[in-house]
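Record features, source TrEMBL:
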type	residues	note
TRANSMEM	34-56	transmembrane segment
DOMAIN	49-298	domain 'G-protein coupled receptors family 1 profile'
TRANSMEM	68-94	transmembrane segment
TRANSMEM	100-128	transmembrane segment
TRANSMEM	149-170	transmembrane segment
TRANSMEM	205-234	transmembrane segment
TRANSMEM	246-268	transmembrane segment
Amino acid sequence: MMLWKEISMEMGNGTTVQEFTLEGFPAIQHLGKVLFLVHLLAYLASITGNAVIVTITCADSRLQTPMYFFLSIFSFFECCFISAVIPKLLVIFLLGRQTISFLACFIQAFVFVYLGAAGFLLIAVMSVDRYMAICKPLHYPTIMNLKTCFLLVTACCVLAFILITGPLVMVSQLSFCGPHVIPHFFCDLDPLIHLSCSNTRSVEMLAFVIALLILLTSLIITIIAYSNIVVTIVRLPSAKERQKAFSTCSSHLIVLSLMYGSCVFIYVKPKQRNRLNSNREAALVNTVVTPLLNPVIYTLRNKQVQQALKEKMCTLKISR
């Protein structure tokens, strides 16, 4: 409550913002119930798929390896990430309740941006892990031990927090004189910045630089890792092994392309006032499409996971 009062007192022009209105998708709002059902099914499927990955990784000792450890953490991030956005979108579609309090808006923005940043850093770590496993198999067990895995995940979380805290604090101290309609279906930094009547040049540039740093750094690491992986795969003697490896890599790269492509489109451009509407469609890729594809692409197509799931299902049936 003290934080809320401090933020409200810091608003310029004596204006205290109590709530914002999320515009959602006004052009198709008349299809609210249909959209609610579609997004609800996608949300439940995403949560279920990612929760299965976390559960089966913890339950099966054969999957307690660095690769599945990172995947389970990534799946947990995905569950939290979409849960920060989709439930409010479902309320907008079903009940038309588009208002969100000032404090809730900034909490949503923090959770969304923080988990997004941590997720991209974790993707870079996962790429390095795959590079070590495929290209440096003799050194892999020694380097990628449990302690190293925990340190890498902790580093992703701490670094993401450090990087995104500054812009969020700066945005929370801006003045919002009206209108208070956010042209988006959730609270994100860019729509909030462009809604302010303060001078936003410094915070805009800071947000742009940090987005560029996170996205391009993780992208470069991922590209270098997968490039080396592809070179190693090409040198495999068996055509069957090469085909299997390329199939897995191509699936991963499709998901990564969707994630990086949509986020670069949304965040890595200094001026976005004329493109906020198109950002909504791009944001749907990150909040609906990729969380739905990730469980399928990363693990549920994996034979080890399929075998573990079958065994757990058989055990449950026998216990009944």
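Every residue gets a Cβ built from N, Cα and C, even glycine.
Residues 117, 120-121, 123-124, 127-128, 130-131, 134-135, 160, 163-164, 166-167, 170, 189-190, 193, 242, 245-246, 249, 252-253, 256, 260, 263-264, 267-270 of the same chain sit 6 or more residues outside the transmembrane segment (205-234) yet have a Cβ under 8 Å from a Cβ within it.
Beyond the ends of the transmembrane segment (68-94), by six or more residues, the same chain brings 22, 24, 29, 32-33, 35-36, 39-40, 43, 46-47, 49-51, 53-54, 57-58, 100, 108, 111-112, 115-116, 118-119, 122-123, 125-126, 129, 149, 152-153, 185-186, 287-288, 291, 294-295, 298-299 to within a C-beta distance below 8 angstroms of the stretch. Across the domain 'G-protein coupled receptors family 1 profile' (49-298), the prediction's mean pLDDT works out to 85.
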